[in-house]
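Here the structure is laid out as structure tokens; the discussion comes afterwards.
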Amino acid sequence: MSESDTTDAGDGTALRTPIVAVLGHVDHGKTSLLDEVRGSAVTAGEAGAITQHIGATAVPLDTISELAGQLVSPEDFDLPGLLFIDTPGHHSFSTLRSRGGALADIAILVVDVNDGFQPQSYEALDILKRTQTPFIVAANKIDTVPGWNPNPDEPVQRTLEAQSDRAESRLNEQLYEIIGELSDEGFSADMYWRVQNFRENIGVVPVSAETGEGVPDLLTVLMGLSQRYLKEEMSIDVGGPGVGTVLEVKEERGFGTTLDIVLYDGTIRADDTIVVGGKNETIVTDVRALLQPQPLAEIRTEKQFEQVEAVGAAAGIKIAAPDLDDAMAGAPVRVVRDRPVEEVIAEVEAELADIQVVTEEEGIVVKADTLGSLEAIAAALEEAEIPIVRAEVGDVAPRDIAVASTAEEPKHEAVLAFNVDVLDDAEREAEEKDVKLFADDVIYQLVEEYDDYVTEIEEAQQEQILDKIERPCRFRVLKDHVFRQSNPAVVGVEVLSGTLKRNSRVVKWDGNEPERVGELKSLQDAGDDIDEARTGEQVAASIDGPTVGRQIEEGDELWAEVPEKHAKILEQELADEIPTDELEALRMYLDKQRKRDPFWGK
């Protein structure tokens, strides 16, 4: 185990390196910032001063002190340094999950000062909120402020002193916009040097990944926060059985399927038996090899990895072992060591049960790249009241399409795919079975796209229903506008409320009783045939059945008849979809019917 991974706490336990996740919107500079930290660390120390892990970079305290200059004195810290999770493929922070929340102990949310908060910034905030992970904001790209005078690798205050009033004023405007956006999301925030209590306020650190300005401050704040608020949580049992989380399941030439994991407690050895969360059942297997990247100084050697005998937390490590094909990214990994294997299986299964997504009898199919992502999507769908019938880690396969195609409601014949591929066979089957596929790498956009689709379907369904349903209309026979008395009666009418349509049955109220007087055969306006007439319009109506002067009179108020079943649907399901004048006609029609039968249309 490398010296930099832990520091002795003096009682058999040790303080491990805090795990730092870097997250933010695409192109806001997450990878550049990590590269800058890594590059500066290599320059500041000797070759090998930083340790390159699998999927992570360890920066020891001495190197941080060297980088931060007067800002950090090693004597003030017990923690051994910082371990930056470095997984560009895992741009969803929700990947990094462990017992009870996030795998990362602390996070950096990178926000471009020019763009402010963007979709993935908000998504990251939601996940930070849900997992209660402490974080700071790196306001990146300060070197792009108009008129900026770069001072490579300098702390913020020193570089600000070298700026014109105009450049500093412009930067302040951008920074306060970011602080305002955080406030809108329920976070109290300020420039980090003004924050007294980091538990209650978010510190904003202006940085440039391009020039290194502000990076000393970033490392200082991370070390300070970790030392002050996370020290107790960093206490681990050095020799105890290792506990970690799978970052990625990967094919590796010469080793077969391997696991990239982050170990956050205990130690893993090259001869350990491990238990890993699997897609179908829990996997028990023996470690064949523990692999770390070659040191930076030897990166040109032919071998990409070197084998090690043991690794202690916190570390990123690759495990080669048999039977790992079904392992899941985001799943727990535990070393068995001298405990009964059943006990460890039970622990892993209990942890997986915490992540299980609630599914319903009817709903949509969800596929995601990791367990953490699956959990985050399920939370977003639950909030949007969208039911899930099946939720799994992995690419979209034909069997997922088969499940989606059996949904009772058309809106549930859908698969939501987060950050995974759709297999060719599945795509073909989706077309054949008319299953809608949604793929995105921003959770809220995925949910929004599906929501829009459901709205489209529901609107189309309502239009179909409205087309088939008889709707109420109140109209009056105009005086002195009888063009023909019978067979059929042709009279001038005025529509009082609702829409008058051809082929409607016509009724007239006699006291409390409706009396059917005939059927509306045709409508004309200025000699032209029309299909309907709206409120306020006067048209000629041909009514088959009545004789003017007997069943109907000039000045009579007549109604388009509405069957009881249709009236019920209109009142209970479609009241929001029909125009105000039609709603008025419906209410009057229901009042008349309910005078003789209070339960009519209910």
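Positions of Cβ are set from backbone N, Cα and C atoms, glycine also.
According to Swiss-Prot:
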- 24-31, 86-90, 140-143: GTP binding site (BINDING)
- 15-230: domain 'tr-type G' (DOMAIN)
- 24-31: region 'G1' (REGION)
- 49-53: region 'G2' (REGION)
- 86-89: region 'G3' (REGION)
- 140-143: region 'G4' (REGION)
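Counting every protein chain shown, 12 other Cβ atoms lie within 10 Å of the Cβ of Asp27 (GTP binding site).
Per-class residue totals from DSSP over the region 'G1' (24-31), listed helix then strand then coil: 2 helix, 1 strand, 5 coil. Gly24 (GTP binding site) is surrounded by 26 other CB atoms, counting those within 10 A of its CB over all protein chains shown. When averaged over the region 'G2' (49-53), pLDDT in the model lands at 67. Over all protein chains present, the Cβ of Ile142 (GTP binding site) has 26 other Cβ atoms lying within 10 Å. DSSP assigns Ile142 (GTP binding site) to a helix in the three-state reduction.
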